[in-house]
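This report refers to the structure that appears directly beneath it.
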């Protein structure tokens, strides 16, 4: 359990003094020790037992055990309850202890990591758990950041250092941070020992992208921002060493603030079972009261007549006290309506389902040698009830791998795309010794164009080698390593490298390339940086000949309108290529250039410097300056990069959609990137009525935009249905309320919302509006969200929709979301194992989610529901016989069956068959579950086990108990043996009723079982045979001679089972119990069959994906503003930068309709198969 996460901070600001532990300790800041475990050696037993006895059932059975220890009221031995109770508590305790052991081990590994701390003027090794706020820490290359640090100095020029933030935001690229702008003397580690600056900053919070504070030192103030901070979870890269001041430690760090609490997850069936246990207990009390009243009346009216020779046993002295004791006796006897073996059986079944997931070879990833893993055994059936899936993007839907796929140069399209089998991959090595051998391209025409000296091809790749913010590191001659913050910009630079235009290095004022074997150095005059409004970036360079040229790449929607009018014909051709690439699911950019004269450059440079130094509206002035020079450009062409989705993502989302599961993408990426991935994976489609965007930055604007979206959805939904038009609404005396209209919208809509807008939408006064709007959409994408916002979105749906949620991610930034959802799934990908460790289930590929839900989840839900229905039925049939017998035994709490039958009924005679059904049962094979996703809907609607089904089960059980009691009673009361000896004795009646009960419930489970295995046959018929074997043994003379006081039914089985009338009675009781069930099921199958019944008799066609359509911009530029300025500022050029042209593809949603049609093929005979229609 995370400590201090909700600790109250007495001040609105935090004060930290460097190298002064005594000063900082008075504020009682959290230490750097992390504790996620729940128990220790002393607290485990009492705390675990306390937690277990919070379960209603465990408390109930403990209460019964206490009652059984009272001899005056107990008709059964105490061991019938204490053995199964101890077994359940032990199994649960072992499981909890094992889980907590791994948490302890993980905590110890983290807390015992070594760090270098500056103590009394020298660096000393200290464990992470002993680091304190105010300490100065030394970090070396590739070390993890120990706490949230203020960067004081770095071994790199200008105080820069480079970090990898995959554990925080899921991004695997390198980012730059800069030390606080203090005098250079702090760069000397010897001077850090005397550093006594004081930091005043904001208190601990979960905002990863914001930090506000001030450093006071030597009567000067230095502003602090997030660019000066190194957060826990980051890893130092490409930096020899740096020093930082601990600001937040342990649970106060932003990483831990975003982790959220570890929550105990329970399924809806668990919660329903607790409710049913309370109801059954109430029903048990009512039966006890009825029988106790009967005992009081009988003792007063009849029992008093026998007092002379059958007096009451002490301490009973009147009929009321006898009734009181009789009530508790019947509570003990009738407690088997909910035996504790139910909970043991549930855990065994869940364990079996977990092993099936672990053993599923179709969920094994051979590429990374990773199998699926069920990390919990308590949530399997809830996998069959999921309605909302919340997914991360990078590394979850995508492979985070980019490849240069196609391009258009001067109106000529190049690249064979996906038709790779018909052409060979180009070998660049003979042409270019610096080529990357891993680069793949399949169109030799482009290489020939470069070789023959085509000017446009040369300018195209020259632009790609110059217009970027990538950093280059040459480890050895010709061995280049590019450091790009975004993988798609890196892919463009690698493409230029392979085609002969190799980016080699850069300084603040130059870019050095190798062009077709010739080294060329360009003067870098300016970088016109990217932002989300501009959607483009440009560089202005001077070549060795002195000519100044501007190179620009960006979204076609903004770049094409800035072209010179003479480009009209070329623009038309290139636009067609861009639409084609976007339809293929590729991320696109347009490329252009323009020559700049010296005079124009001088004038523009001066205006640019003025805008750069402006205090007010600096960004607007820079944007105006950029826009002024980015005009009348000449079009070069376009790029098309494949942002590779994981295998099977589109198909998986399609199947989930057909199963009525809504998929939301919650990502920290930019809007353009996320939207294009949405189109690539078919979440967003061109056949949607409309895709709405919420981008307001104020509460009022977000509220207004949400209102406008709802109005448009209602309007378009009504138009699409052709109902509720204006005339109809005007003529209606009672117009439909907006909430009703939102809940019944039939159109398909998409919603995109960014992090700023989402922060307002999640506020208490607006959350209902947001939920109603978002849940009416088929697809929702939330961009630029923090880890905590991901969790808040999940909690919001849980709160307002009461639906089962599943969160899936692969990075530490997804942990909070994974913990908040009902079910958390971790993908073991490229971003560490934090998500896997926090998850309930894990596997290697997103596509395995369809099998986890539609096969394992649906089967687990089906099996658990059938198990529970049968279990309650068989126990009510068993227990209620005691209730009817009470009216014929003077309400004396006499049991119908002998004590050993009562003990063994749930443990031996009926336990294995129902376990086999609960573990192995299927209604349809796995491939048909995938072919017909509609089979998943009963779980979402909770149709197979609910309060109604529960009452049906107990009604059938009560009916069976009536037949099992009164049929033998009626027949045997006047029956005799062949010798004339009457059969109307207690032991014969008990043996007959017990035998009839075992046979009836065995036949019933045979009818309930839908999938027979060898194990089912062995367990069902073997349990029936075992009953007769044990019965004959317990009633034998051998055991009676050894234990005469324990075995009273000596010879009963042998004499009873030899009587034909007994077997006739058993057969008649079985027929009366089973025939109505068979008749009802046959009628239901004929008149109102379930979809699974129909699927079993019809073949479902294999799903196929197809159809593309529409044209749109595939632009997405995953870049961050400000790095162009950093490059040209004269600071260290080892910065791993970011730009990147990403973009995406767009496919028509008609492929989903095609999938539906493929699942509903027309019958050649003209008839319409129900399964084909419903699937």
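Glycine too: its Cβ is placed from the backbone N, Cα and C atoms.
Neighbour count (other Cβ atoms within 10 Å of the Cβ, all protein chains): 31 for residue 392 (active site, 4-aspartylphosphate intermediate). Look at TrEMBL and you will find 392 tagged as active site, 4-aspartylphosphate intermediate.
The feature Mg(2+) binding site is assigned by TrEMBL to 392, 394, 810, 814. Counting every protein chain shown, the number of other Cβ atoms lying within 10 Å of the Cβ of residue 814 (Mg(2+) binding site) is 33.
According to TrEMBL, the feature ATP binding site maps to 392, 393, 394, 489, 530, 553, 587, 667, 668, 669, 784, 790, 813, 814.
The domain 'P-type ATPase N-terminal' annotation in TrEMBL covers 16-82.
Summarising the annotation, TrEMBL assigns domain 'P-type ATPase C-terminal' to 836-1089.
Feature annotation from TrEMBL assigns transmembrane segment to 76-94 (among others).
Cβ atoms under 8 Å from those of the transmembrane segment (276-298) belong to residues 56-57, 60, 319-320, 322-324, 326-328, 330-331, 334-335, 337-338, 883, 886-887, 890-893, 947, 950 of the same chain, restricted to positions at least 6 beyond its ends. The transmembrane segment feature in TrEMBL is assigned to 276-298 (among others).
Residues 57, 60-61, 64, 67-68, 70, 72-76, 81, 84-85, 87-88, 91, 276-277, 280-281, 283-285, 287-289, 291-293, 295-296, 299-300, 303-304, 312, 871-872, 875-876, 878-879, 882-883, 886, 891-893, 895, 902, 905-907, 911 of the same chain, all 6+ positions outside the transmembrane segment (318-344), place their C-beta atoms under 8 angstroms from a C-beta of that stretch. What TrEMBL lists as transmembrane segment is 318-344 (among others).
Proximity of distant same-chain residues to the transmembrane segment (867-888), defined by a Cβ-Cβ separation under 8 Å and at least 6 residues beyond the stretch ends, is recorded for 269, 273, 287, 291, 294, 330, 333-334, 336-339, 342, 345-346, 349, 894-897, 905-906, 910, 914, 917-918, 944-945, 949-950, 952-954, 956-958, 960-962, 964-966, 969, 993, 997, 1000-1001, 1004-1005, 1008. Marked as transmembrane segment by TrEMBL: 867-888 (among others).
According to TrEMBL, the transmembrane segment annotation covers 900-920 (among others).
Annotated transmembrane segment per TrEMBL: 950-969 (among others), in sequence order.
The transmembrane segment feature in TrEMBL is assigned to 989-1007 (among others). Sequence-distant contacts of the transmembrane segment (989-1007) (same chain, at least 6 residues past either end, Cβ-Cβ under 8 Å): 870, 873-874, 877-878, 881, 896-898, 901, 909-910, 913-914, 917, 960, 964-965, 967-969, 972, 1020-1021, 1023-1024, 1027, 1031, 1035, 1049, 1052-1053, 1056-1057, 1062, 1065-1066, 1069-1070, 1073-1074, 1077-1078, 1081.
Per TrEMBL, the feature transmembrane segment maps to 1019-1040 (among others).
Taken from TrEMBL, the feature transmembrane segment applies to 1060-1083 (among others).
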Sparsest-packed of the listed binding-site residues (530, 810) - C-beta count within 10 angstroms: 530
Close binding-site residues near residue 392 (active site, 4-aspartylphosphate intermediate), where close means Cα within 10 Å, chosen from 530, 587, 668, 784, 814: 668, 814
Cα-Cα distance linking residue 668 (ATP binding site) and residue 814 (Mg(2+) binding site), given in Å to the nearest integer: 10
Other parts of the chain folded back onto the transmembrane segment (1060-1083), taken as Cβ under 8 Å at six or more residues beyond its ends: 956, 959-960, 963-964, 967-968, 971-972, 975, 983, 988, 992, 995-996, 999-1000, 1003-1004, 1007
Cβ neighbour count (within 10 Å, all chains shown) around residue 813 (ATP binding site): 32
Other CB atoms, at most 10 A from the CB of residue 587 (ATP binding site): 31
Residues in the domain 'P-type ATPase N-terminal' (16-82) grouped by DSSP into helix, strand and remaining coil: 31 helix, 2 strand, 34 coil
Cα separation, residue 810 (Mg(2+) binding site) to residue 668 (ATP binding site) (Å, whole number): 13
CB contacts for residue 784 (ATP binding site) [other CB atoms within 10 A, all chains]: 19
